[in-house]
Amino acid sequence: MASRGASLALAALLLVSCVSVAAATKYTVGDASGWTTSGDYATWASGKKIKVGDTLVFKYAGGAHTVDEVSAADYAACSSSNALSSDSAGSTTVTLKTAGKHYFICGVAGHCSSGMKLVVDVAAAKATAPAPAPAAVAPAPDAADTTPDATPTTTTPKSPSSPGGATPKTTVTDISPPAKKSTSGAAGLGAAAWAGLGLAGLVAVHLGAF
């Protein structure tokens with residue numbers, strides 16, 4: 001666990017370093033002309049947006065010139081007696097670590113008064129917004145949680161059984177309307193009776209005639 005934490009810290013440090021290096025700008029003083037007595041360094045610096053972390057590279061003939069960083073008062077007086085730093089190697093790189101104005105002159109007599117002097121106004125570096133933390137990934141649900149619920153079954157209740165186990169009989173009541181009585185038989189019977197009476201009367205009349 002500790003080794004993992006150390007690895008993460010080292011990775012973060014490397015990332016910050018890479019961002020810082022990528023954001024820094026390198027300026028060659030005087031561009032192609034370099035650091036000479038004929039340069040116009042006030043014009044050269046006027047269009048630059050220099051910030052903390054940027055570097056200035058002075059190119060010149062080694063031993064013929066110097067690069068001296070001085071105070072504002074020594075800059076105005078072209079004096080390098082109290083120089084903050086000095087170099088005469090022929091290629092001098094200065095990393096600007098603080099915001100504000102920085103003053104440079106050539107310490108060789110007569111060169112500063114000839115225009116071999118530079119002042120740069122260094123702006124504070126802008127804070128870089130930290131990268132957003134990766135979104136947390138929700139853990140995958142367990143296999144048991146993804147199993148669909150069993151389909152509920154419906155049980156039909158059984159009819160209650162008789163004490164002996166036999167299924168009770170169900171009495172069905174016929175509620176059909178009563179059948180109509182036929183009147184044709186009665187009508188036929190009445191007609192036959194009248195016919196018989198009529199026949200008997202004829203027989204009686206016939207017998208009386210004799």
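Backbone N, Cα and C atoms are what each Cβ position is placed from, and that goes for glycine too.
Features as listed in TrEMBL:
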COMPBIAS  133-171  compositional bias 'Low complexity'
DOMAIN    25-124  domain 'Phytocyanin'
REGION    133-182  region 'Disordered'
SIGNAL    1-24  signal peptide
Model confidence over the domain 'Phytocyanin' (25-124), as mean pLDDT, sits at 96
Which numbers of helix, strand and coil residues does DSSP report for the domain 'Phytocyanin' (25-124)?
15 helix, 36 strand, 49 coil
